[in-house]
Amino acid sequence: MEFCGEGNKFTVWNSGDFSKCFEDSVVMTIPAVFLIVFGMKRLYYLENKKPDLFKFKQLTQDFPTWKKSLQLEIIVSLLLIAWKVLFFIVSVSIYHEPYELFYSVVTITQWSIAFGLLYLELKKSQPRGWELRLYWVLAFLVATIKLRTLTLAIAGQTNIEVGFLEYFSFFVGYCLILILSITGVLFFETGQSYQNLEEYEISQEANANLFSRITFWWVNSILVKGQKKALEMQDVPGLVEMDQSKILSEKFEKAWADQLKRPNPSLPWALATAFGPHFYVAAIFKLIQDLLIFVGPTLLGRVLSFVKGNGVSTYDGLIYVLLYFLAPVCQSILLHQYFHRCFRVGMWLRSAVVTSVYKKSLKTSLREGTTIGEIVNLMSVDAQKFMDLCPYLHMIWSALEQLAIALFLLYGHLGPSVFAGLGVMLVMIPINLFISNINKKRQVVSMKLKDRRTKAVNEVLNGIKVIKLYSWEQNFMDHVNSIRNEELAVMKVIKYIQGFSLLLWSMSPVFVSVITFTVYILTGGVLTAEIAFPSLALFNVMQFPINMLPSVVSSIIEASVSVQRLQKFLLKKDLDPNVVTHHISENDVSIKVDNATLEWEPHKPILHDINIKVGTGELLAIVGHVGSGKSSILSSLVGDLDKVKGSVAVKGSVALVTQQAWIQNATLKNNILFAKEFQQEKYDSVVDACCLIPDIKILPGGDQTEIGEKGINLSGGQKQRVSIARAVYNNADIYLFDDCLSAVDAHVGRSIFKNVLANNTGILRNKTRVLVTHAVHYLPFVDRIIMMKDGRIAEEGTFEQLMSNNSHFSQLMSHDETSQSNSQTPDRSKGEEIESEDEGQSKLNQSVGSDHDNEEEEGDQSTTKLVSSSDRVSRVRSRSPSPTGNAILISNEPMDDQESSGDEKELMEDIDIDGNGQNDSLTKGNEKKSILKPLNLLKDKIKQQINNETKPIEIVNAPPKDKSKIITIETKQEGKVSLKVYFSYFKAIGPILAGCITGFYGLTQLLSILANWWLSVWTNNTTTSSASDFSEDEANRTARHYLLIYVLFSLGTISATFLRSFAMVFGSIKGSKLFHEKMFNSVIRSPMSFFDTTPIGRILNRFSKDQLTIDESIARTLGMFLNTFCQVIGSIIVIALVSPFIILAMVPVAALFFFIQRYYLNSSRELTRLEGVSRSPIYANFSETLAGVTTIRAYQEVPRFVKENERLLDDNQKCYGINVAANRWLAIRLEFLGACIVTSAVLYTVLARSHIDPGTAGLVITYALAITSNMNWMVRMSCDLENSVVSIERIQEYCTLAPEAPLYNDKRVSKKWPTEGGIVFKNLWLTYREGLDPVLRGISCEIKPKMKIGIVGRTGAGKSSLTQALFRLVEPLRGTIEIDGIDITELGLNTLRSRIAIIPQDPVLFAGTIRSNLDPFNSYDDAQIWESIDRSHLGKAIRDLSGGLDAPVQENGENFSVGQRQLLCMGRALLKKSKIIVMDEATAAIDIETEGIIQNTIRTEFADCTVLTIAHRINTIRESDIVMVLDKGELVEFDAPDTLNQDENSIYHSLVKNSESHEH
């Protein structure tokens, strides 16, 4: 018997098709051969190389989870094998040809191997191999060929005989193969072990199968969560590895490094090199999608011919219906794969830009002119423009390609007439290029103004306390609003230009269609439905690329401006890492500066010919006048200055304590640890040495208390001590201290010097220490001293050598001596006590100071324990009326109150912190009969006496809260955006204007519908009228009549579009102006408690990204929504009027539209909110980093901060990324439903062809095609609009902040008030915020006019709080303050603050000029300003500057030393000439000589003024009329300094004694 049967030879072809023998024996065995070759190899590998991890029993256990693709495949494989075996048995009994038996055996064999592979992969817990997946695809393809052959045979169209049993059995097998192919390819889950399938849920793209990726099914998990509850950050899945900013940053840096080697580095080329490949692949999807766009218009002509023709089979019409369904579905899948890739690349660009800007800011000097505001804009606005442009960048070539194809197809319908339309388009190109060029120039100006505004807002937020103290709110409101008005003026021009450009392009299809049809008619053409509506559909296709081109060009222009700005910043000169070398050949030298000249700015040296050599373990002091270059020397040692000549070298690690302490928004403990490993003993010793134990005790959460931004909830002294503790804990080799002891109380400073810095007792005694100081009383105890003058070393030597030289240094010391009339002659022997400890005092842990000396004495204190005495005796004395009305005397009696015991111990440590023996005697309680005790230790007695006079103090409305936290969590609205938010925008635009805009959109659509309807009437008339019905003239007149009406409707559409475009521009500018102005005014008028608890980055986020959304996005999104909404409504009306049956199909589709949109929106809205909330920490961290960039560099912690920035950025990007994917999820489903609508319309047209005119059919299908894209865009725009409105919601929140008291009220006072300057405090209680403990407790005293009051007390005693109460930065909880008999709470804040002068603790300067910083309101002439400058002893320094009073002041006054800034702040007070002046530690950063001159100025210039001086130096207040001693918010002493000093039991006496002991 022959192989192919008797009489049948083996041939390939049979009547133009495969022969049955060849098909069964060769074609159908191709998959079997593939599987036998590759599958057996895989089978052998699995069986012999991999261990069993899975039992067969699990298959039955997992049967309920058959939806898992693996189980499904195994079950289907079993069924397939069983079916083939059954068919084989039947076929053997019926057929006898060898090839049929061969085919059956091969089929059973290959499926048995396939089943074996499946089972082994499950058993060995291996991911599915490529062999099986490719086999299934091959099997499906050859099975399709076989099915076609059998189908044709059973239909009788071939000579092959096929029985029903054979056909049915193969069809069942084919279905099983189809299931296997789909599950194996579409539902293949990458990288997942089968053993984990039962727990695994598709939630991330990285693990999604092909079907999930195509349909974005993997997004479902997040949408399901969003439907059930408001999403939180932990609900959002993390980024896949390829999206993480660390990976992206490394890619970009590599590409940018290559560009830097070229003569002209290009940022776009670097970005293209790093991220281009992924972006280029997206072009393939876009190209195929573009081709599929033209399927609809091409088929439309065939459908209309089908409707018009007779005798055409309905089968052809149904094929058209199928194609109308498949084409848009495939188009949708391709389009959204393209968008997903492009949005991902956009996200990559943003990550790369943000991380690069962050890293660059850590490597470059910001003194070269780049402000924080500009850098924030680079990270927010410019990076955003990159991200927004990326998805549409391919439209440049895609739009031209679509236009070319459309014109080619139009030529086939309309002939040469189409060139008339092409001419219109060509004319518009140069017009738009000209407009684009103008637009680009305006964009550059706009970005600069955005930088200025952001910088101004940032300065206001950083200096808000000073602004409020000086009552400059209105000035800064006007300043920011003036910049904003300039920005809006430029933005208005840009928007009008863009509006005009958009009008030209959007009306291009109308112009083109009108002119093309006109020329076609005038040249004798007859417009039929088969020509008109396919042409109209092609014109509609052209509308999208024509509309997108100007938008993309505009975005490219904006991005090009951003590219230039970013490239300019990234090309800025880095700080030279080789300025400081880390090798010194001499063994015992740690710092060596050899003949070095250094500069902050190019060609402006600040240090000249510096020669310094510091030995290992040496303590070097640097002194000099303000601005002499002391701090610059320390900056040069950490590499912040550029080197002109010479060399700078350090050996070992460096720890820096800056003059203005930098504190992170973290817990106090983490501020000290600074990411170092926690060691309890070491930590305790450091905290003790830095005198932080009492502070930790009084903080609400101990050392776990959160410290606010810039250390807002710490006093100046506390911040500095935390900064010192951070340095000490760091255990560096070299320590640089920049006048850090000036901010702490005198006795605390002495203790820190002794316990930290001193040679014999300091914890750092074995370390190399460089101390810049104005406190000359420490100088006798240092190894060597350097005297700086005008940027040069004037003198150098030991204390004794310099004193004997009788030069600059001895003159400086003489000023110190003359300022202390009561002080003793300097005696080194007396000073030696600073270097010794009493036997009764515990020794400090030396684990930090020396690696080999780490023993700890038993008496060492811990942060959690304080030694308390058994006997407590105290007496409180006050010369002014106390809250109880009497002085209280407590005899020597034991105290049982444990809290009082601890508090008293703390006080005693404050009184005698130098450890000279008094503490020990007091603890024993045997040598003194009475000691001072603060009022709060006698709580019960005080409360009892207060109750007799007044009601008790109760803090009401203080809910329980975690007092260790200060920064509030950023609020995030939940649920649907309130309609009030939408109405607030319409209200900002103006109700009338908003109504007009809506009306213009409706009118535009109405006129467009009328134009198309008229075209339908026209073509129907042409179709029904034969040529013989009219003469040629009549036909021409009729055609011109129809054409004229069509042109009029089209011109009406253009006019309405013009009106709506420019009305929207005007309205959006008006709304933007109102929101920004209202928000800024609300923020600047908020109380200080708001700024204490809100990071600046969070506020800047509102002023940058959220404001940008209102400026640029909302109007555009709202316009697109209104346009598509009107188009959808218009389309529904047209379809309903023409064919009501289609509406029946649209009802369920519309319901699904609504359901899908709501399902999506719940999650998308929350993701948008999370994206906004997670953006704020990026800016906050960035601002914090820039503030402490010198410290970060010095500690070599740059990598850690970069990593933290990447973490925050990834948190933000994951919200954005999943939101973009969710948008694709929505679009692909909506477009599928749109395809159903089009299919319904075409199906109706095909089935009802005998009852419908071609023109009407064309109109219906045209609008059905339009409603698909329009409904999709409407839903997407509604979602985008709600997401954008979240920015309005966030800004609206800041527009309604609770303000502080009014600036002005009805209370009127004399213009010269206060005329006397008397101040009365009456039972004043103060708390900073609701829920916190009072910081002032029952302060009562009277300050006579013209008195000079000195206010002292340990850090945190309430000294600065008293000034905040006086200026009403914080409103009193109870009690009053009267100035000249007027209760200050009755006055407007401007009235109060403008009449009192203050020289604040933190010298804040604003970017501008010397003049604008001293006189922002231009209230004084030049002579008065110069007079105040001369009196503050800055006359020479200012005159030396180019520009004099108009000399520039950089952001935060960076081009002035801290001491010079304090003197400028003093100049403000001198200029103001107020009757009451507050000096809040105003001379802390000034050298002793200048301070003496300033004190003399105060005595003479402020002789007729009441002066309140808060000071750490006792010398500063010795000549005061009255001294106020505060402790824990209570007034414990109030008397003349001499009187208090004579009382040996007074706290003031102890302070004076301590001051004298450590000064001499």
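Here the Cβ of each residue, glycine as well, is placed from N, Cα and C on the backbone.
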Quick one: which of 529-547, 1232-1250 does TrEMBL have down as transmembrane segment? 1232-1250
Averaged over the domain 'ABC transporter' (1319-1553), what pLDDT does the prediction give? 82
Counting only residues 6 or more past its boundaries, what in the same chain has a CB within less than 8 Å of a CB in the transmembrane segment (26-45)? 18, 103, 106-107, 109-110, 113-114, 116-117, 120, 129, 131-132, 134-135, 138-139, 142-143, 145-146
Report, as numbers and ranges, every residue of the chain located at least six residues beyond the transmembrane segment (1141-1161) whose Cβ falls under 8 Å of a Cβ in that stretch; write 'none' if there are none. 223, 227, 976, 1132, 1135, 1222, 1225-1226, 1229-1230, 1233, 1236-1237, 1240-1241, 1244, 1248, 1260, 1264, 1271, 1275, 1278-1279, 1282
Using a Cβ distance cut-off of under 8 Å, indicate which of 101-122, 392-412, 502-522, 992-1015, 1043-1069 has the most pairs with the transmembrane segment (418-438). 502-522
Counting CB pairs under 8 Å, which listed stretch among 101-122, 392-412, 502-522, 992-1015 touches the transmembrane segment (1043-1069) the most? 992-1015
